[in-house]
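What TrEMBL records for this protein:
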- 15-36: transmembrane segment (TRANSMEM)
- 48-68: transmembrane segment (TRANSMEM)
- 88-111: transmembrane segment (TRANSMEM)
- 123-142: transmembrane segment (TRANSMEM)
- 148-168: transmembrane segment (TRANSMEM)
- 180-202: transmembrane segment (TRANSMEM)
- 222-243: transmembrane segment (TRANSMEM)
Amino acid sequence: MASWNSTPLEITYEVLGWMAFVSWSISFYPQVILNFRRKSVVGLNFDFVVLNLTKHSSYLIYNASLYFSSAVQKQYFKKYGEKQMIPVAANDVAFSCHAVLLTAVTLYQIAIYERGNQKVSKISIGIVAVVWLAAAVCVFVALPRHSWLWLISVFNSIQVSMTCIKYIPQAVMNFLRKSTDGFSIGNILLDFSGGAASYAQMAMQSIDQHSWVNFYGNIGKTLLSLISIFFDLLFMCQHFVLYRGKNSEELVKTSDEPVSENV
């Protein structure tokens, strides 16, 4: 495996990586705390949380496998070259573990707190079922040939797909309610910071190695950052510009509308 050519770039890479980890990890807490204080999850789209759990679970499988498995790393070097660096850092694995845990906590809050008429849509349930069934089939396909890199790339593709669609239910729900009340903007601001730091981290590695392989060799991380930043900007626009100032009293008037059922 290649080594770093520049110590300052290596230090910057590590700092940016842990900045992304801290920002993304803390981003889960504003929503959890908001739910706890309100003893309600009205305004939080349940499809977003369910899809998010599938996304982070698949991302954990990808990160942990590529970071810890020598067999997977061997296949990675064979495909992209011995001089390349593994595009997964320790902070990526730590973030994935933390993300799965906190998303599970949010699901538990959905189960115990006031939720009005909101519920997980059949579409989201169907998507999750199909995704995990397809993943199981891929496991059996990969076993005979020991195609471990291909297999974890499947989980990477799953997390990219979930990233693309998981934000949509919440964005549509905010649009239908003309409000972001009940959905923590703190989560979005921290998520935006994490996405920017993650993208910058990958750029540091590319500059040092004079190669952009880590961008397309770990296309999931690249798309994760870009897609997250796009939707974060959309949510910020909804919160601070389009629906600014709508209070919780107005939310109560519309909370009986089963908006999440149709998302």
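From the backbone N, Cα and C atoms, a Cβ is placed for every residue, glycine too.
Note: TrEMBL annotation is automatic and uncurated.
The recorded stretches the transmembrane segment (180-202) and the transmembrane segment (123-142) do not share 3+ CB pairs below 8 A when only pairs 6 or more apart in sequence are counted, and are therefore not in contact. For the transmembrane segment (88-111), the list of distant contacts is 13-14, 17-18, 20-21, 24-25, 28-29, 31-32, 35-36, 41, 44, 46, 49-50, 52-53, 56-57, 59-60, 62-64, 66-68, 201, 218, 221: same-chain residues at least six beyond its ends, Cβ to Cβ under 8 Å. Residues 47-48, 51-52, 54-56, 58-59, 61-62, 65-66, 69, 71-72, 75-76, 79, 127, 131, 135, 138-139, 142, 218-220, 223-224, 227-228, 231, 234-235, 263 of the same chain lie 6 or more positions beyond the ends of the transmembrane segment (148-168) yet place their CB under 8 Å from a CB of it.
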